[in-house]
Amino acid sequence: MAKLIVAIGNPRHGYANTRHNAGFLLADRLVEELQGPPFKPLSKCHALMTLVESSSGPLVFIKPTTFVNLSGKAVVLAKKYFNVALSHILVLADDVNRSFGKLRLCFNGGSGGHNGLKSITASLGSNEYWQLRFGVGRPLEEGVELSNFVLGKFSEEENLQLGSIFVEASTLFTEWCSKF
């Protein structure tokens with residue numbers, strides 16, 4: 001049975017490499033490691049998609065072309081289109097409630113205030129799916145709005161750490177794949 005990996009992020013170029021697009025960055029890295037083909041439009045699911053064959057079965061990666069807050073629409077359409085069990089869905093998302101670089105793989109998790117996760121849970125009618133959370137932290141400076149922070153780019157120091165974080169995330173991803 002196929003597994004559906006959903007990367008949360010905003011689709012426009014101006015949002016590339018922002019904290020809120022950590023899910024997109026992680027998906028790109030995982031697909032590259034798996035030597036998968038490039039993402040291509042799948043308009044019927046409102047997403048960019050790529051299919052990677054792996055030893056644990058087909059892995060369908062999607063990056064919704066909706067904004068973060070409407071991610072659920074793409075997830076429901078892709079779940080139905082690829083006939084994926086709810087428990088075979090993994091959502092890659094940024095997490096302001098975790099320190100930068102801290103990762104968490106969990107099943108049946110909450111939204112932690114993340115509007116993309118709220119949208120997915122509401123659209124699926126359940127939170128019985130997997131999440132791989134990528135800690136982006138919170139602003140250190142007073143007066144910085146959280147929305148501006150997550151829509152901001154990673155600092156130079158953070159960019160230097162992304163490689164080792166992606167290695168750890170890849171290990172957690174492999175662990176998740178082996179569960180089914």
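Even glycines carry a Cβ here, placed using N, Cα and C.
Remember, predicted model here, so these are calculated numbers, not experimental data.
What Swiss-Prot records for HIS20 is active site, proton acceptor. What Swiss-Prot lists as tRNA binding site is TYR15, PHE67, ASN69, ASN115, and the listing cites sequence analysis. Per Swiss-Prot, the feature site 'Discriminates between blocked and unblocked aminoacyl-tRNA' maps to ASN10. Per Swiss-Prot, site 'Stabilizes the basic form of H active site to accept a proton' is recorded for ASP94.
Distances between the Cα of ASN10 (site 'Discriminates between blocked and unblocked aminoacyl-tRNA') and those of the recorded positions HIS20, PHE67, ASN69 are shortest for PHE67. Shown in sequence order, ASN10, HIS20, THR66, VAL68, LEU70, SER71, GLY116 are the same-chain residues outside TYR15, PHE67, ASN69, ASN115 whose Cβ sits within 8 Å of the Cβ centre of the tRNA site.
Among the recorded positions listed (TYR15, HIS20, ASN69), HIS20 has its Cα nearest to the Cα of ASP94 (site 'Stabilizes the basic form of H active site to accept a proton'). Put plainly, the recorded positions ASN10, ASN69, ASN115 were compared by Cβ crowding within 10 Å, and the winner is ASN10. Taking only the Cα positions, the spacing between HIS20 (active site, proton acceptor) and PHE67 (tRNA binding site) is 11 angstrom. Reduced to three states, the DSSP call for PHE67 (tRNA binding site) is coil. Less than 8 angstroms from the CB of PHE67 (tRNA binding site) sit ASN10, PRO11, each of them six or more residues away in the same chain.
Local packing around the recorded positions TYR15, HIS20, ASP94 was summarised as the count of other Cβ atoms within 10 Å of each Cβ; on this measure the leading residue is ASP94.
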